[in-house]
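Trainee: One structure, as structure tokens, below. Some questions next.
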Amino acid sequence: MQNPSSKVQEPVQPKSERLQLVDALRGIALLGILITHCSQYFSPIRLPSDFYQIHAASVVDRFIVDKMALLFENKFYTIFSFLFGLSFTLILSRSLEKPAAFKKIFARRLFILGIIGLLHYLHWRGDILLIYALLGWPLLLFNQTSNKIILLTAMLLVLNIPTRLMDLFFYWDAVPKLIELERQAEITLSAQREISNFRVLLYGSYTDTILDNLKHMSESISFQFSSGRIYKTLGFFLVGLYAGRQRLFQHLKADRPLWWKYTIYCVLAFLGTKVSIIIFDHMYGSEQQASALIKSLYQLVYDLGNASQTLVYIGSLTLFFQYRLGQWVIPMFSPIGTMALTNYLLQTLLGSLLFFGYGLGLLGVVDMWEAILLSVPIFLFELGFSKYWMKHFRYGPVEWVWRSLIYGKAQAMRV
């Protein structure tokens, strides 16, 4: 068997309709992520409440805040995570390597992605690449298990069960007054972080931003666990892995009735969670007035709603892409999805130069609706740039660097 380290070129295979559809899904996920980040002025954490009272106080802005929460927040990073897990199965199915060699190459992919993610984190604290690189390792382990184990684990993680169990353990083992004191202390500390973050973004230099991100790295890691985002990310990795092993993207036309069935089930689940939340709000008024068990159940229903909405998006788009209008849309979004890594980093570059103090400093100048509107020229630029680039080259710029480092030699670039 040939030593995998001796390979100098990654096998290049023509793209199938299935891969173009997956790339188009990835491109739309990037659009959703961009809109979400622009609505937050590319701030990695929530801005001070006074800022929102000034720059999100109009009727239009309040309407946008509500719709952003419903349609975008916590919806598109999960689509991206699903596609990461799905892509693992696609890479595995297309690989010409033996299993042992594939694992080594995939390990290199994750290691180099982690380095890219770390460098990106230093520039922007909301990075997901480093998390993806770390969570990619369990995919190798879960790929050795049955579909039932994958699906069960995915459900537990997507519903954020580990966080719910930790919350219950904490609340049942604690004195109510101490809980309230700790909650108030956390609110005060969070407000201090928001003000500190705002000052660095608005007035800090490029170096100040990097040093501040490095300083708060432990807090960023802690947030991944306390919010449960790290569990949900891995959960959607596994949902994507399950979808790939079930070949749900293999025979799209033949499986169209199955896609309709899954999507309708997810729509019903989503609507059920919304009705449940309305009932909860009517009964308790606010989450703080409920018991620990009811709070956990509320959060469980909320996470189920987000998860089902993510799957509704995936199912609806997959079905849409199979019809005539969707077939026309795929070539528009496929190039940007093919260059997803490049475009994700490019969004951070352009967003930071637009909003941060070392750039144009639009943070604190434009209202929320104007900030969101800026996502349009950014994405249009990425669409045009990606379409032009992929006409002439096999990989995006960062993807080319990534693959070249994986295989130890510059990969063929020109089409």
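All positions are counted from 1 along the displayed chain.
Cβ from N, Cα, C; glycine included.
OK, TrEMBL features for this one:
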- 243-409: domain 'DUF418' (DOMAIN)
- 76-93: transmembrane segment (TRANSMEM)
- 105-122: transmembrane segment (TRANSMEM)
- 128-143: transmembrane segment (TRANSMEM)
- 150-172: transmembrane segment (TRANSMEM)
- 221-243: transmembrane segment (TRANSMEM)
- 264-284: transmembrane segment (TRANSMEM)
- 304-323: transmembrane segment (TRANSMEM)
- 344-365: transmembrane segment (TRANSMEM)
- 371-390: transmembrane segment (TRANSMEM)
Trainee: Mind checking which residues reach the transmembrane segment (105-122)? Cβ under 8 Å, same chain, six or more beyond either end.
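Mentor: 4, 88, 91, 95, 97, 128-134, 136-137, 140, 210, 213-214, 217, 220, 341, 345, 348, 398, 402, 405-406.
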Trainee: Same chain only, please: residues at least 6 beyond the ends of the transmembrane segment (264-284) with a C-beta under 8 Å from a C-beta of the stretch. Say none if there are none.
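Mentor: For the transmembrane segment (264-284), the nonlocal Cβ contacts are 290, 294, 298, 301-302, 304-305, 308-309, 311-312, 315.
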Trainee: Short question: which residues 6 or more past the ends of the transmembrane segment (150-172) have a Cβ under 8 Å from it?
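Mentor: Result: 142, 179, 225-228, 231-232, 234-236, 238-239, 241-242, 245, 292-293, 295-296, 299-300, 303-304, 307.
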